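Quick look at what TrEMBL lists:
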- B:10-526: domain 'Cytochrome oxidase subunit I profile' (DOMAIN)
- B:34-55: transmembrane segment (TRANSMEM)
- B:82-105: transmembrane segment (TRANSMEM)
- B:117-138: transmembrane segment (TRANSMEM)
- B:158-181: transmembrane segment (TRANSMEM)
- B:201-230: transmembrane segment (TRANSMEM)
- B:250-274: transmembrane segment (TRANSMEM)
- B:286-307: transmembrane segment (TRANSMEM)
- B:313-332: transmembrane segment (TRANSMEM)
- B:353-377: transmembrane segment (TRANSMEM)
- B:389-411: transmembrane segment (TRANSMEM)
- B:423-444: transmembrane segment (TRANSMEM)
- B:464-486: transmembrane segment (TRANSMEM)
Amino acid sequence: MTWLPEASAHAMRIDLLLAGLVVISLAVLGLVFGLMLLNILRFRAGRTTAIARAIAAHKSWRFEIVWTAVTLAIFFALFLWATQLYVVGFRPPAGAIQVYVTGKQWMWKVQYPGGQREINALHVPAGRPVQLLLTSEDVIHDFSIPVLRIKHDVLPGRYQSLWFTADRTGSFRFYCTQFCGLAHSRMTGTLTILSAADYAGWLNSTPASGSLAATGEALFIRSGCSGCHASSRYAPDAADTSRAPSMVGLYGSRVVLADGRAVVADAAFLHDSIVDAPRRPGASFATEMPSFRGVLSEDELAALVAYLQTLSPTLPPSAGN
Amino acid sequence: MSGTLDPTAPQRSYLWQDGTLRSWLLTRDHKRIALLYLGSITAFFALGSVGAALVRLQLLEPGGTILSDATYNRMFTMHGVVMVWLFLVPSIPVTLGNFLVPLMLGARDLAFPRLNLLSWYLFVASGLLVVYGLFRGGLETGWTFYTPLSSEYTEGRVLPVVLGVFLNGFSSIATGVNFIVSIHQLRAPGMGWYRLPLMLWALYATSVIFVLATPVLGITLLLLAFEHLFRVGVFDPSLGGDPLLFQQLFWFYSHPAVYIMILPGMGVVSEIVSTFCHKPVFGYRFVAWSSVSIAAIGFVVWGHHMFVAGTSLYSAIVFSMFSFFVSVPSAIKVFNWLGTMHGGSIRLDAPMLYAMGFIGLFTVGGLTGLFLASLAADVHLTQTYFVVAHFHYIMVGGMVSAYFGGLHYWWPKITGRMYPETWGRLAAGLIFFGFNLTFLPQFILGFEGMPRRYATYPAQFQVLNVLSSAGAGILAVAYALPLVYFTWSLFRGARAPDNPWRATGLEWRTASPPPVENFAETPVVTTYAYDYAELDGRAGPPGTAVGGPHV
């Protein structure tokens, strides 16, 4: 058996944290078992006097304060260390390649911005940030990549995000780790990390039926979105909001919802809004947007989200080729 | 030692007062109800163990050896549901707790004897319903019933199992209410709160969780059943529900339930360590209040089961911090047990071996809990075998060790017979060894990334899985041993004196086994718990009340 490799700088930082935890644990275990053994050797029945016991019964609260304080201090340091490394998971870099991953009983479907598709396989370049946009067509799954030390649950009807920058080429396994029914243990696949040149070659040699954004653009018209929402090409005024919010510049902007929360319109926001229209304050339109849950498949939603992102030209394009 | 007919004993023991089946099934005596419970949970423990055995057999080979995927999924679901609700949650409270609470308080019975009997009937009914669901149709959702898998996508019998668990909750609540009222109202004259044995502090804290957390589980399962039957959208996204809501509600109960399972074990260990060191528990008040604070903080850590589930960053940070806090009182207890041993007069009888096993294994479980409370580490380790190993160290290494330790410790009181000491020590050692062989490899498997609940797995994980299964085989033998020698001792064991361990609790001041009304006259408490000086002064000439048939 080989030791689990580290395929990113993040994985190395996690292993350092784990090593720290192991060292602390071994020290505490040594202390507990050591003291137990020492007590057994020193204080077996018949060897102690009543006086020794009386002394030990006193001055207990000082010990209590000391070991409570020391424990708290160590725990707080661990908490800060681990939280720092967790927060980065919530902040994907702007220029990341966005790959759409859909779980269904019992396989993973993967779509690339260039229109390439795979099943139970994921190809990514080394050295560039990659963001996975995860969703499920049925039950809750979980996308877990041990060599990168990351995983995230995959929920039906909404997008979850997982990002990484791999730095080591090779083929590694990914798993579904949230129990999802009969063939759960067979819902695994292979992550292939390629050099930048090999990745470009792979993209070119893999057949694609038009880029994801182009598919999305066609869907935007066909599904009737363009009837209300302005987009740069299909309305004279990109800022026309007479019937519905304009899609131009929406991606990446701040949106205030009816409950007062301000959120950044990221890919998850776009996806979830198509499935369940958000309530926005001050926005009263003649017609309310219907839900597209069950009308559009997750593949189609991914294409739409990819297309809508191209309408925010100020942001760096997230196309992967 | 006194024979069967002790002239000083005012009446016959509760065991043989009236031997008819009817008198057992309609008994309101807490001691007999404890034995009814002991019989039932032993049967369920055996059933859950069969599930575990099949799981470990299946995992001997990467492609699976004996079971289909579907059967494997049913087996680990059966193992989890049966072990959690029909063994671990009730275990110590309903057996040792039922037997000991009135005896430790110096009372005749619990506050509500009929409610106590009712709780046993509810428990049996719930167990039968669960078993019916698991075997007529089967269930493959895991014990966590996550939606929408359990609502929309299962062929299994969710309803009977869920209703069984729902009913089980009422049994738990009844026991909790009974203990709380008894500890408030039925303490012997002179027994203030700080004179209670620590076992009672632990059971009190456990009872509070029973009463406050169990209703949430009941409501959650009712909603699940409702959604199932009437297609009302609560948890299922395709009906407009929220699957994360189910997880929030489920863990709001199920995390405190972990403390339901471990707190009574801590109480047992406090009693045993004090007795076998012949020394008061170090830092009595800290140990007592740490039970209460574990119960309290335990209510605000449920979110640590959801660090990768898609909840917000801020909730994850807050829950992580509370999860670190909740382990502080547990650490306090461990240090205090070690402090109790220091300067004591230590005897290594079987109960003490189990208690030390508990301290060691619980510490491993607690330390690996820190890995999972650490946010970034949890992302890598959660949903893998690391988690499986972690909670088995707490529940099996910790809780089951304490349960066995308690059974050995109070066996003379319960049955009036001594168990064979050599066999007791042998079983304790074997359980410790078998347990570690089973679950230590799983920590490494988890780090390597092997997901839990997999019927098949990549070949690279085989070596560690074989080790783990070998350990499980040893563990199975080790668990069967006590069953054999306890049964033997019931008929052939040496007669137990009233106080074989020279312990201080009130339960040791009455006959072994106790008479129906527990005490000939209500005992009066004049000193703190674990006052060995007072005990040694009162004991009189050796051989009358103290001193056992062995060292």
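Placed from the backbone N, Cα and C atoms, the Cβ positions cover glycine too.
Because TrEMBL annotations are produced automatically, they should be read as predictions rather than curated entries.
With a threshold of 8 Å between CB atoms, the same-chain residues lying at least 6 positions outside the transmembrane segment (B:201-230) that come near it are 93, 97, 101, 145, 147, 150-151, 158-159, 162-163, 165-166, 169-170, 172-173, 175-177, 179-180, 183, 236, 239, 241, 246, 249-250, 252-254, 256-257, 259-260, 263-264, 266-268, 270, 287-288, 291-292, 294-295, 298-299. The largest share of C-beta pairs under 8 angstroms with the transmembrane segment (B:423-444) comes from B:389-411, of the ranges B:158-181, B:250-274, B:353-377, B:389-411. Recorded stretches compared: B:117-138, B:353-377, B:464-486; the one with the most Cβ pairs under 8 Å to the transmembrane segment (B:250-274) is B:353-377. Tertiary proximity for the transmembrane segment (B:389-411) is limited to same-chain residues at least six positions away from its ends with a CB under 8 Å from its CB atoms, namely 83, 88, 91-92, 95-96, 99-100, 258, 261-262, 264-266, 268-269, 271-272, 275, 349-355, 357-358, 361-362, 364-366, 368-369, 371-372, 417-419, 424, 427-428, 431-432, 435, 438-440, 442-443, 445-446, 482, 486, 489, 501, 507.
Listed stretches B:34-55, B:313-332, B:353-377 were compared with the transmembrane segment (B:464-486); the greatest number of C-beta pairs under 8 angstroms is found for B:34-55.
Below 8 angstroms of C-beta separation, residues 283, 286-287, 289-291, 293-294, 297-298, 300-304, 306-307, 362, 366, 369-370, 372-375 of the same chain, each at least six residues beyond the ends of the transmembrane segment (B:313-332), sit close to that stretch. Remote same-chain partners of the transmembrane segment (B:353-377), defined as residues 6 or more beyond its termini with a Cβ less than 8 Å from a stretch Cβ, comprise 262, 265, 268-269, 272-273, 276, 304, 307, 316-317, 320, 323-324, 327, 330-331, 334, 337-338, 386-387, 389-394, 397-398, 401-402, 404-405, 408, 424-425, 428-429, 431-432, 435-436, 443. Averaged over the domain 'Cytochrome oxidase subunit I profile' (B:10-526), the predicted model has a pLDDT of 93.
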